[in-house]
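Asks: As listed in TrEMBL for this protein:
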- 1-22: signal peptide (SIGNAL)
- 40-397: domain 'Peptidase A1' (DOMAIN)
- 58: active site (ACT_SITE)
- 274: active site (ACT_SITE)
């Protein structure tokens, strides 16, 4: 009888686990910007045995690459450069299969940095391979076009991170990218066949989380009570198609100061959401309209405390926020396809510089041929964004986020061990 009871108990447990796993995700820690690096990064492990690398999260590209031991112009980064010779599972891109030109790359980023090198194939994992990580047997995935940086310029020579992981929408000639592979591998890791797989980013100044899995109420950050439908708190905005970026349309900007709304600018403008950009960049007309308002705010705060607001490097900066923070506006943003307003608060649009000043993280878009907005970290901080490539949409959590849920759900492989 006891044997039968154990069998029934195990069957019941497996059924419960399978039901629960149909709505799950796994969590990856995101390293914070610390006000100096100006980027968010994740740790990833490449090869067999795994070699630890830190990669900047970038939404403006689909490039995943790391500094390699073969590099002749690379900086010293957080971890030793990746060495393909030490990996039992890695191999160089096949020139005969793909062609010499395809197996090499040169990638230039918006701020002018360039990386170049060769592609290789290997396994990757967000786990570190230690015994306590019980998902290890199923958490790795293979990618055939990892970049081996052999040449770096500008920002790449100054940053601590070893490389970049681009979670943009551009696909390679085979019709997939690193996001495709990550989401497909998540189905295997979590034991689901769901077509509703997403990547969620919860971003704070000291870090945050990247959640990968099925979209459901549990993945939504915030302190809403259970009797409230948390999914209603996600504002979905359709992506512009076709596009290789998380491209949406901006419609209106409003300044709310001391509970008074003032319309600043209204026009349909293309906008790119990119966590790989430190600042937010606005076209000239929109930028000037907003800066004129902040000029008035600067004067107003100086009436409260003498010289608390100064201009440094063409940007408004405040020496002390304790007495004037309630006079700083909430910037309200409306996007096309979404009736709700997304609040942009001073905790996000101000950043602390090396002089302990709080400066405006908004810049003018200087690329002449690019009359569009780039919403960078100074907009995305203290927010949760949900990337849903299959439905061509991006979601913003309507709550101000000051804490990221780091709960990571168990799976069958953990139960077995």
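Heads up, the Cβ atoms here are built off N, Cα and C, so glycines get one too.
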Asks: So among the active-site residues 58, 274, who's got the most Cβ atoms within 10 Å?
Replies: 274
Asks: DSSP three-state call for residue 58 (active site): helix, strand or coil?
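Replies: DSSP call for residue 58 (active site): strand.
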Asks: Using Cα coordinates, what distance in whole Å links residue 274 (active site) and residue 58 (active site)?
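Replies: Cα-Cα distance, residue 274 (active site) to residue 58 (active site): 7 Å.
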